[in-house]
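In what follows, a single structure is set out as structure tokens and then discussed.
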Amino acid sequence: MNTLIAQIEKGKPFFEKISRNIYLRAIRDGFISAMPVILFSSIFLLIAYVPNIFGFTWPKGIENMLMTPYNYTMGIIGFLVAGTTAKSLTDSMNRQLEKTNQINFISTMLASMAGFLIMAADPAKEGGFLSAFMGTKGLLTAFIAAFITVNVYKICVKNNVTIRMPEEVPPNISQVFKDIFPFAFSIIILYAIQLAIKAVIGVNVAQSIGTLLAPLFSAADGYLGITIIFGAYALFWFVGIHGPSIVEPAIAAITYSNVELNAHLIHAGQHADKVITSGTQMFIVTMGGTGATLVVPFMFMWLCKSKRNKAIGRASVVPTFFGVNEPILFGAPIVLNPVFFIPFILAPIVNVWIFKFFVDTLGMNSFFANLPWTTPGPIGIVLGTGFAVLSFVLAALLILVDTVIYYPFVKVYDEQILAEEAEGKSSSDALKEKVAANFDTKKADAILEGAESKEEPATHAITEETNVLVLCAGGGTSGLLANALNKAAEEYGAPVKAAAGSYGAHREILDQYQLVILAPQVASNYEDMKAETDKLGIKLAKTEGAQYIGLTRDGKGALAFVEEQFKD
């Protein structure tokens, strides 16, 4: 097993490079920016159709009234994501350009959204245009519009293909003329693509993409497809790469499109049978976090005999219940631990197989509404599928199956830890032996040991108000450390204020902070982040797995870690 893990780890640099790809990141951040729209629209969808499960149907007029906010938000999500994706990609491009010669992100957003309309919205006979492909069906077209637009702007800006105005002209007026050429070139190129596709295939770009990729989408929804897609989530995470950063952008168009398709099927009184959805990923495959670890903290707490495992279980139960499972992943540890390789990969795959069986064979509706990712898995299953009776059975069955899968491996690992404790090894020594090969914890150990040996944390070096931003992939894990810092700062009177955020959504607020801390799941973005913080004179620190979990549990140590970053 160690040999297999070692072989997998050889590909880690390659996959980390993929996870930092600016185009994949633009897709991910574009969806994050549009998430309020997605979640808001789902509220009306649930109100409109959940009562159907209990035999109550709204009158047609009320149903149409409830669906109006959904149709005018989720129904144009492709149009909106064209803009948010362009904005995110523009931010990444600007970090490669001189500070005095930047791309105007507002202009790229407008050009991308206009270009998207050209490629996705056919003219209506009565005037105006049709909106059939402005929603999730147009997401891939939205990405194309954003990528082409921003690259056209980059070429124009780098080569000064602009209209230069006299210095006497106000900057805001000059910017308008500066953007004319790249805006025009972008629209012309996207329109030319639309004309070519229309001439060859007879339909617009968005419809042609949907037609061409329909067989791929269908294959992805099969057992082999879901095994590869969702098995990759866990495999990447196991070797220390944030799997969703690689997999989610690749399947985002499918997942959100399938949710809308399922909603339309429910609306038509038919069976919602599309399995690959955002709900499947959040509440089935990653129930309790990547690796389907919802049951693991409870098993550590109730079934393990070792003191260390019991303590880790107690500390991990609450965050894991809400999908934040880094405490158990790095605290046990599970990642890079040969004992847990099989269940960590197997449990998510078995979960999605069972879910597909319930949908395809037993006739349960799949997910037709988007919910916040922090919704506890069992609750998300019930809500996202419209309170179907089978959803309660499914949630209970998945918990049982995951317990059976993890049980023998938890017992084996507990025996290992018991043996270590019997030999007189401390918990920190045992943990270090498990993660030292892949997670550098020496600095953390020194900080934590120093913090434990003193009555008070050494916060005297920080005499002025210091704002700390902790970043992770989704904003959940970063909250653990931010809360620990704020509590310790209040207890010991340290002038430190911490906030949690998600990587990619930080750029508008970055200049408000004096220190940025990267959680382990986004530590691979250190070099990119350093380019941003160096420009603003902000300190930057990255953390490793066990180190990060240790800091979230030790406020004194966390304050000491912050102080350490300001020492010359």
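Any Cβ shown, glycine's included, is placed from N, Cα and C.
Here the structure is a predicted model, which means the values were calculated and not measured.
The annotation domain 'PTS EIIC type-3' is assigned in Swiss-Prot to 8-409.
Counting residues 6+ beyond its ends, the transmembrane segment (30-50) has Cβ neighbours under 8 Å at 58, 63, 66-67, 69-70, 73-74, 77, 80-81, 84-88, 146, 252, 256, 263, 266-267, 368-372, 383, 386-387, 502, 504-505 in the same chain. Summarising the annotation, Swiss-Prot assigns transmembrane segment to 30-50 (among others) and lists sequence analysis as the type of evidence.
Residues or ranges marked as transmembrane segment by Swiss-Prot: 65-85 (among others). Listed as Cβ neighbours of the transmembrane segment (65-85) (distance under 8 Å, sequence separation of 6 or more from its ends, same chain) are residues 26-27, 29-31, 33-34, 37-38, 40-42, 44-45, 47-48, 58, 109-110, 112-113, 115-117, 120, 131, 133-139, 141-143, 145-147, 206, 256, 260, 263, 267.
What Swiss-Prot lists as transmembrane segment is 103-123 (among others).
Summarising the annotation, Swiss-Prot assigns transmembrane segment to 128-148 (among others) and lists sequence analysis as the type of evidence.
Annotation source Swiss-Prot lists transmembrane segment at 183-203 (among others). Tertiary proximity for the transmembrane segment (183-203) is limited to same-chain residues at least six positions away from its ends with a CB under 8 Å from its CB atoms, namely 107, 110-112, 114-115, 118-119, 145, 148-149, 152-153, 156, 211.
Per Swiss-Prot, the feature transmembrane segment maps to 222-242 (among others); the stated evidence is sequence analysis.
Here Swiss-Prot flags 246-266 (among others) as transmembrane segment.
Residues or ranges marked as transmembrane segment in Swiss-Prot: 283-303 (among others).
Marked as transmembrane segment by Swiss-Prot on the basis of sequence analysis: 339-359 (among others). Note on the transmembrane segment (339-359): residues 1, 4-5, 223, 226-227, 230-231, 233-235, 237-238, 273, 275, 280, 284-287, 290-293, 332, 365-366, 390, 394, 397-398, 401-402, 405-406, 409, 412-413, 416 of its chain, located 6 or more positions outside it, place their CB under 8 angstroms from a CB of the stretch.
The feature transmembrane segment is assigned by Swiss-Prot to 381-401 (among others). For the transmembrane segment (381-401), the list of distant contacts is 46, 49-50, 52-54, 266, 279, 283-284, 287, 292, 294-295, 347, 350-351, 354-355, 358, 362-371, 375: same-chain residues at least six beyond its ends, Cβ to Cβ under 8 Å.
Annotation source Swiss-Prot lists domain 'PTS EIIB type-3' at 465-568, citing sequence analysis.
Its own atom aside, the Cβ of Cys472 (active site, phosphocysteine intermediate) has 27 Cβ atoms within 10 angstroms in the protein chains shown. Residues annotated as active site, phosphocysteine intermediate in Swiss-Prot, with similarity to another entry given as evidence: Cys472.
What Swiss-Prot lists as phosphocysteine is Cys472.
Take the transmembrane segment (283-303) and the stretches 103-123, 128-148, 222-242, 246-266: counting Cβ pairs under 8 Å, 222-242 has the most. In the domain 'PTS EIIB type-3' (465-568), the DSSP tally of helix, strand and coil residues is 56 helix, 22 strand, 26 coil.
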